[in-house]
């Protein structure tokens, strides 16, 4: 039946079901929230504690190695400590943009590798100043708008940010990046090396135990923080809440993943000694060059939005540093995001399930191959222990970490409602492509779909 609507549009009706027209878009309402609260900088204090603890234990072990005439072990212990410490100082200076400011005392503290301590004192002093002036009205310097889910509904929140809160936020952001560099450029090599020394050395002093403990906590904390930063970067328009179950799940996942991976690397290196070095170098170089090869194939130009005062050489140095950090993370665990040098944001903001599946598949095959080498060739390593039992334990620990990863992304991700397809859909599509195709065909043949096709 052909009818004429009040807008003058001819409509063909094949049934008596009336299809309502889509309402015009409504302007999104903005909810004014309270002023941004000033929270105690626990994360800054904890990062400084890990930095000082790892530095003190590394210097102590270097002194012990020197007394025992183990100059080879002493050299590597100091090198791993110095590389991470220097990168930490440069990160804090870069984020706070201190080179353009007249702060000679602060730069001197960074020069003697004490920058995190003085920055922590600055953050604590700023917090207590704000706490004492809590009753006073502080003029805000900016307005922040973020989307958030309240009672299942997406709302846009707007709140004022004062100068003191903004300064503390800058301190937190700087320490988050410093923690990543400390964890993966310092703690991972230090932890791997000290585990190797413990494996080939007849005794384990208390100082080495403390150094291993600090490095392990630093790596686990850095990997957990890596997940949170990845979520915040991917969903920059949203205020992301993190609760205790999510943090506990990510911590268990990351601790099992990194611990099993590093122990497997140590056993593999202890089995093959210098013959294992080409495998490690080739693996790391492939991870390091992969983003640049993709950037070269895309034909894109070098991004110029990293820092407005940087030249092309400065931008290139920053991109190389980011790539080295990304490769170090990727070598020991999943980096939680994919580096895209051709994009403006330098990372891929979409949820790429294929990248995650490919990473864990390759790492699982690598780990299995390395434990098999240890099982059949490591006759002189851990002679008083059952090699088969150790291999099974390590592979099971890695599989358990993957299980916690699946649990997090399927049920505990703070913004899982924004996923167009969740993890279960991806696994169902990969494992059962025929049933997925049948399900999509059935969805296309529903009465609602046929009715919409019949409307002109």
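Glycine too: its Cβ is placed from the backbone N, Cα and C atoms.
Listed features, source Swiss-Prot:
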TRANSMEM  40-60  transmembrane segment
TRANSMEM  75-95  transmembrane segment
TRANSMEM  105-125  transmembrane segment
TRANSMEM  209-229  transmembrane segment
TRANSMEM  276-293  transmembrane segment
TRANSMEM  316-336  transmembrane segment
TRANSMEM  356-378  transmembrane segment
TRANSMEM  389-409  transmembrane segment
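Between the transmembrane segment (209-229) and the stretches 40-60, 105-125, 276-293, 316-336, it is 40-60 that has the most C-beta pairs under 8 angstroms. At the 8 Å Cβ threshold, with sequence separation of at least 6, the transmembrane segment (40-60) comes into contact with the transmembrane segment (105-125) through 3 or more pairs. The transmembrane segment (389-409) shares more Cβ pairs under 8 Å with 356-378 than with any other stretch in the list 276-293, 316-336, 356-378.
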